[in-house]
Amino acid sequence: MTVTERLIIPTQAGVDWKEQVKFLLQTLKKQDGNVRTRWGPHTKDETKFEFLVGWKSPEAQAKFQASPDFEEVMTKLKEVMAGKPTIYFVEFKPYAPNEIIDAAYVSLLTFSGSASEEAIRSSVDGLKGKEGCTAVAGWNSLDESAKAKGAVNVAGSTMEVHHVNFQFPVKGFRGLFLKVLFPLLGIGISLLILLSQAIQRNVKIKQNSAHKSLANRSNTANGFSRNYNGYSTVPGNEHGPGQAVEDEDEGLTIGGGRLALAKSSTKGSVAAVDSPRGQYTVLVVELVAVIGLVGINMVALVLHAYGMKGTLATVAGIITWTYILTLATFRLFLSNTQWRIPRLWNHTASLYTILWLFSIVTFRSAIIHPRSRTAQALIIAEFALTTLVFGIAITTRKGNKTVVLEWEGDIEPSRESLASLFSIATFGWVDAIVWQGYKKTFELPDVWNLLPKDKATAVLADYRQFEKTTALTWHLMRYFRGTLFVQCLYAVFSGFFTFAPTLLLKAILEYIEDPETAPRNVIWLYVILLSFTDVLRSLADGQALWIGRKICIRLRAIIIGEIYAKALRRKAAAGNDTVLGDKKTKEDAAKVGKFKKLLGFGKKEEKKPDAAAEPTTPDPTAAKGSDEQVNVGTIINLMSVDSFKVSEITAYLHFLFAAAPTQLVVAIYLLYQILGLSSIPGLVVMFILLPVNIAFARGFGTFQKKIMAATDKRIHTTNEVLQNIRIIKFFAWEQRFSNIVNDKRAIELKALRSKYILWAFAVAVWNTVPVVITFFSFLVYTTIEKKPLYPSIAFTAISLFSILRVPLDQLGDMIAHVQESKVSVDRVEEFLNEEETEKYEQLGHDSLDEDGNQMIGFQNATFSWGGKEASSEETSDAFRLMDLDIKFEIGALNIVAGPTGSGKTSLLMALLGEMTKIKGKVSLPGGGYSREDVHPDPETCLTESVAYCAQQAWLVNANIKDNILFSAALDEKRYKEVIVACALERDLEILDAGDETLVGEKGITLSGGQKQRISLARALYSNSKHVLLDDCLSAVDSHTAKWIFDNCIRGPLMHNRTCILVTHNLALCAPQSRYIVYLDNGKIDIQGSADEVIASGKLGDDVSKSRPGSAAISRIPSRVPSSVGEESGDTLVEESEPANGTDGHKLKKTKSSEPPKKDAMLETKAEGGVKWTVLALYLKSMGPWWFWVLAVLVFGVQQIGALGANIWIRQWANQYDVEAVRAHHNLSPNSYIGNTISTVRVASSRISQVQPYFDPNKTSLLVQFVPDVDVSYYLAIYAVIGLACMLVALFRDFWLFFGSLTASWQIHKRLMQSVTRAKFKFFDVTPLGQLMNRFSKDLEAVDQEVAPIAIGVMSCALAIVVTIALISVITPGFLVAGIFISALYFFVGKFYLRSSRDLKRLESVQRSPLFQQFGETLSGITTIRAYGDERRFIRDNMLRINTHSRPFIYLWAANRWLAFRIDAVGDLVAFFAGAFVVLSIGKIDAGSAGLSLSYAISFTENVLWLVRLYAMNEQNMNSVERIKEYLDVEQEAEAVIEETRPAANWPSQGSVEFINYSTRYRADLEPVLRNVSFKINPLEKVGIVGRTGAGKSSLALALFRGLEAEEGKILIDDVDIGLIGLQDLRESITIVPQDPTLFTGTIRSNLDPFSLFTDEDIFTALRRVQLIGLPASTTNPSTPLTESRPPTPGRPLETPGTPASTSTPVTNKNIFLNLSSPVTESGNNLSQGQRQLLCLARALLKNPKVLMMDEATASIDYNTDSKIQETIRELKSTIITIAHRLQTIVDYDKVLVLDKGHVVEFGHPYELLKKEDADAIFKGMCETSGDLEALQKAAKKAFEAGRLVDDE
């Protein structure tokens, strides 16, 4: 049993009560555990202080009274208090029945009624059991007390009632602290800061003047002075980076290949100065107010208004306000002078805030206990003025200063820098965004710009000045440490306030139970605080998350920027792909710890080889890790997935570092207060669960790695399929390749499934935690400590445990996510540490020879495509160029020749510094410098730099003009000349938009010849002195080739320029060149001046016979003759189109006046809400109707389960006496915490309504059950309910995840199907980046985001429904306020949803250009580096990063805007619920009140999550929507049409007939073929010629139904191909396309992807295309020897293959002898020519009846070509060849000449050559090519041979 004593001690003037207590406490502490105390300021009167002492038993109490300690205490207290202390020991009678307790209670109530308002305390301690009772009461006078005493002596029980006296001494400690100490401390700190700043500034100035002499030189060069932080100064603004107007990118250097990026503001930005409204007026008002405050304090001092004690306070006030006055005056008068003090505004604003908060407290006291009228008036006036200055500080612009806004074009700068403190805290500045988004759909130009300091360039410049010493993860952490620290401070603050509502709720409920405890105004204060504290939490949370988002965009800029800069420096070639994270995994696997083994994470994964797609080959390079590099897919993945993952996590880091730990600590402390030692088992369970959580997290990390690896593989394969989609469609392989991708997808989803299973278990564990913990704590409490478990304790504890679950939850979750992103950071770091190109070291010297003359060439150099260490002894299998000693002629034409695969492209690459140099020296003037650093020579206007035209033209996704200018300045005359010289004029006339035509990704909209000529035009237009051309004549027809050679390569624009040309067309080029190098298999066969080399006969007969070079053309003709080089005056154009009657110039003008067409490449985005169809698509993909019925059931059951637990608890509470619940409140004020508590109350309230307190019979009945409360029974059932809930939740998650995986599989399968079966034109207008975006980012959202968030939406919605139902049942009045609040919610949500949806869509769309530019750069790296244009691309990348961050950051601003407003509205809910309860005190009991309030408090959380998750769900659905867009693309015809299937052996003959055939690419374009009619007889060989753009390739497409007929038809063996299935058609005929496409894999997998042929078949095919020699001569192959090329993605570099281990390492081995030789991404390790031959071999393997060859041999040397032609002539099939080389087709059976889509000539070449008149177009072509005699001979020979056959 317990004895309670109460001691109320009046504080004596000038004595600190803490002193008095200290002694008493020390004494009592000695009583070893027999005593419990509680002490603190008196409930009602702050000047007194009360002390309660409780004893375990009367014996203990008696013992203490007898002890000397007691005497000591009494004496000590007498001294301290200078009077008799009132300390009571209350006697207990051993037995007082319950009736007496009731009676005593009633009589006390009567008296407290008669006592005045000041009667403090009347309460009864009913001691459970029948041991006795106490009453302690305080009365105003002794008479009252005596009356009460008499009344209470009832029924033989005596009761002590004591009188306590009150005094009101002067305000004590609070006044001292609030009015004196804190303010003075504040101004002290402020002063210190200002002084330290001043000292620092002076030191800096001194240092600077020391550097002046140096600095002056450099600064004058830049043309303007700068202050010390490297920014140019704006007068009156030394604010550093934030507001500085920045100059153009200066420090962007490529020193030794390091792309150090200093700063750059974006080009064309305009600085606008924005001053706040009434800047000075406001300041003056503020000054006047401060003067007023100084005055008030003076008056108070003079009048002694605050009594003698107040003097100190007024003096402190005068000092404080005078200091502030000084600062404010400085702000007014020094702001525009050189003496201005920075950041003064921050000081005044902070001081105002502190003083305002303190003045609230004194203001309240002055209202409630006024000392005198004067004092009250003064305090009110002071409060009013303080509020005014505080108001001014928080509502005027932060800093109240002029801000420089940076306008970039029409993009409005962010208004964040213009916001006031209040607006920043509440995100008021976002109103404009939300309102704008609400009114109309957001478009990109409407989105504000980023703040200058958040722009990628500024961020990277700053980041790169930060020294890197540690691993990337820690480096980034260190870089952001300041920001993270601030974020964590906010988080700690919000962590503390999380518990405020719970504690306040408890206080309110205590008051309701016993309204006499305090005046009514206290409870109103509690109710107001209930909402106010939550607003504070919300503000802190908002700031923490917003700071997180800022870190997020900065971090993303850093990662993407670094990856991009690295990509620009990567090596051009490599042997193998590395898998990121592999090395680390291997190292880790080597050291598997015991703990891991214990948990079973130690098993190493066995990798199963992927049989279909990646045949595993013994890999000789694997040993030498240095030639390994990641592939393009992985780099894009790093940029698209990893950078987003990492930056996403940083937004929430404060949960891990601050919020969760704070909440844990607070919750644990409170628990200990309530449960004492019994809280320990609960906490132990929690901490045991932490490692389990971490193990889960580790598991997530592992699975995430697997998922990432699987995704990488899938994306890589998908990327390859989409890149090569044309060949896949031509060969009807869609289904097979889709299957390969689907297999990869299955592996990915399997990994995802494991992650989901783990997730479901983790969620289940987290759901069970509270049950387990509660169970153990109560077990100890009841069975070991043997304490009665009163509901008040039970529920408080349960509530705290569930609050505790949140931080634990977050910790587990965050640890998991941090692990995931650590994996990503490591992947990024591994990529950043890869080897870089040696270009800048190789070419960084002045390229001079021994005599000091400039030189281009090599001195005794050997190069390899392999790694560095491949020295000559070792056999490296990479292709090498050996012992080069070349000195090209500067300023003249040099030619590099040699058979296919001899290393010609490699030579250019070596010259550009792209190969690994093993020995020797390479010289190329200007090769190692940035284009922006070289200045043109005043005479020639040329710069010492390099222009390069790659063999596979590389174009950027812009218009033709931009591609040619390549960001050089436009010189109209030169531009026109370049276009004429490159024969582009007519192409531009044909194209709709002329030179504004968009090239599309990788030049997708143009023909091969056009792409090559644009690439050539770019090199020609540039002002580089040295031009490297890689086989730029191969893709154009012969007469164009001649025109280009004469007017471009030998024309006036090449005057004084060095040209190094790789070519096969020696007959045309050699005679006019200065110097020739002839290569064979990586070595120089012969080199020297043109005459010497030609004379040697190495170049073949036709070269020596060709006529001597005519002089170079001195002036470019003003126009390209339309036949290119027909001498007759009338051009073809006028003849073929007399109807037009215009010449090209007019034509061009009419074109340009048309309105600009919409860019077909632009990515569309949906508008408005997410359509139902999209939702339905996803839901249907998840499962049929029964799936959903079950899902809804499970959700319902789970919510009901949660409610069930509460109902059970109420049952339990019913078992206890109402009084019992009450008795504990006085003892333990900390006991009432939490939301679930309130459910207790339901029980107590219902009983109390039925039974008045003093109905003895009923009460005693109830009491008789009390001892029989079977705690274990209730606990067990509670545990069962908890476990059941967990299982239901587990099932729910499994069920939905199962559905979500089904959906992921279905959607991907449909997407793959739909995209591979789309029409050809879809791929012409859809950039690969957009497609890949769907396959990577959007699919990832579908896989990993949609399901968990959908679960969240459903849970929140159901929780809200339950809550509303409950509150309405208990307090129907709340519904009125509820309707009004719902309306507010609705409006806030509606505003938010509209703008957030648009911003999210913009953000998704803006990702594509970023990805696309990445892909583009990666494929064009060598070109970009050759031009020295890295910096411009980096700037472009920065711009794209910014463009993507804009919608992103404002999307999150809108999110914070929403969160704050929903919190505020939610606090209205809490306020109304509270107010409603207070108003009905007396009508409502504490139980219902508690339930209503606690539900109201949790309600906001649910609504906020509902709106937010709903928005996220919409955003994720946006991914589904974007995928759906591609599910609905126009599909090709059926693959197989059963009714019309042709015979199995069709086509058996091989005749092809076009009948009146017309077609066009799109309905809005001109027809490309018009009324084409011709017939090709079986087994005929037909050549198709015509100018570029005449419709040759379109004819090929038409044959394969890539274009459907508009009118007319095509028959093959008399079957109309329009009527049969596409698969049947395409499998029966074969095409060798213009661009050779190969897949990653081996030579075998490329030739025969589906294993249909034997090795012998394959070797035969390789022999037929001359890739390997005859079996007899394998050792000394007769073929031009071959080689392998570097993976500069998408840029074929001609480089060679693997050495035989047998032969000496000096020769390069023929890799085609081994069918398992690897082929890298798009065949990059083979030369262009080898790839064409492989494609040809692939076609020959099929042994088709009809073979279409589209420029199939353009990149092959003439020798090999003629051999291949022999092979082709032997084929027993119809052959249609589109050719530029007239030699190839001049001996065919027929030639078809096309022009502008019409057939102009069709007949035997010999007959066509006999024509004389103007119609002789074919003859004209032959003449132009300069080879007429040779061609005529060949044609005649063939003609006669053919006649012989016929005659026989």
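Note that Cβ sites are derived from N, Cα and C of the backbone, with glycine treated the same way.
The following features are taken from TrEMBL:
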type     : residues  : note
DOMAIN   : 1-89      : domain 'ABM'
TRANSMEM : 280-303   : transmembrane segment
TRANSMEM : 310-332   : transmembrane segment
TRANSMEM : 344-363   : transmembrane segment
TRANSMEM : 375-397   : transmembrane segment
TRANSMEM : 484-509   : transmembrane segment
TRANSMEM : 521-540   : transmembrane segment
REGION   : 606-626   : region 'Disordered'
TRANSMEM : 649-672   : transmembrane segment
TRANSMEM : 678-696   : transmembrane segment
TRANSMEM : 756-783   : transmembrane segment
DOMAIN   : 856-1106  : domain 'ABC transporter'
REGION   : 1101-1162 : region 'Disordered'
COMPBIAS : 1127-1137 : compositional bias 'Acidic residues'
COMPBIAS : 1151-1162 : compositional bias 'Basic and acidic residues'
TRANSMEM : 1185-1209 : transmembrane segment
TRANSMEM : 1271-1291 : transmembrane segment
TRANSMEM : 1346-1367 : transmembrane segment
DOMAIN   : 1552-1821 : domain 'ABC transporter'
REGION   : 1671-1706 : region 'Disordered'
COMPBIAS : 1672-1682 : compositional bias 'Polar residues'
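The list of residues near the transmembrane segment (1271-1291) in space but at least 6 beyond its ends in sequence, with Cβ under 8 angstroms from a Cβ of it, reads 760-761, 763-764, 767-768, 770-772, 774-775, 778-779, 782-783, 789, 1194, 1197-1198, 1201-1202, 1204-1205, 1208-1209, 1211-1212, 1215. By the Cβ criterion (under 8 Å, sequence separation of 6 or more), the transmembrane segment (484-509) is in contact with the transmembrane segment (521-540), since 3+ such pairs are found. Counted over residue pairs 6 or more apart, the CB atoms of the transmembrane segment (280-303) and the transmembrane segment (375-397) come under 8 Å in at least three pairs, which marks the two as touching. Below 8 angstroms of C-beta separation, residues 599, 601, 668, 671-672, 758, 761-762, 765-766, 769, 772-774, 776-781, 784-785, 787, 797, 801, 804, 808, 811-812, 815-816 of the same chain, each at least six residues beyond the ends of the transmembrane segment (678-696), sit close to that stretch.
With a cut-off of 8 Å between Cβ atoms, the residues of this chain six or more beyond the transmembrane segment (756-783) that come close are 675, 677-682, 684-686, 689, 692-693, 696, 699-700, 703, 789, 793-794, 797-798, 801-802, 804-805, 808-809, 812, 1271-1272, 1275, 1278-1279, 1282-1283, 1285-1287, 1289-1290, 1293-1294, 1297, 1300-1301, 1347-1348. Listed by sequence, the residues of this chain that lie at least six past the ends of the transmembrane segment (521-540) yet keep a Cβ under 8 A from its Cβ atoms are 368, 425-426, 490-491, 493-494, 497-498, 500-501, 504-505, 507-508, 511, 1459-1460, 1463-1464, 1466-1468, 1470-1471, 1474-1475, 1478, 1497, 1500. Scored by C-beta pairs under 8 angstroms, the transmembrane segment (310-332) has its highest count with 344-363, from the stretches 344-363, 375-397, 649-672, 1346-1367. For the domain 'ABM' (1-89), the predicted model reports an average pLDDT of 56.
Counting residues 6+ beyond its ends, the transmembrane segment (375-397) has Cβ neighbours under 8 Å at 276, 282, 285-286, 289-290, 292-293, 296-297, 299-300, 305-306, 317, 348-349, 352-353, 355-356, 359-360, 362-363, 366-367, 403, 418-423, 425 in the same chain. Beyond its flanks by at least six residues, the transmembrane segment (344-363) meets 174-175, 178-179, 182-183, 186-187, 190, 193-194, 286, 320, 324, 327-328, 330-331, 379-380, 382-383, 386-387, 389-390, 393-394, 398-401, 421 of its own chain at Cβ-Cβ distances under 8 Å.
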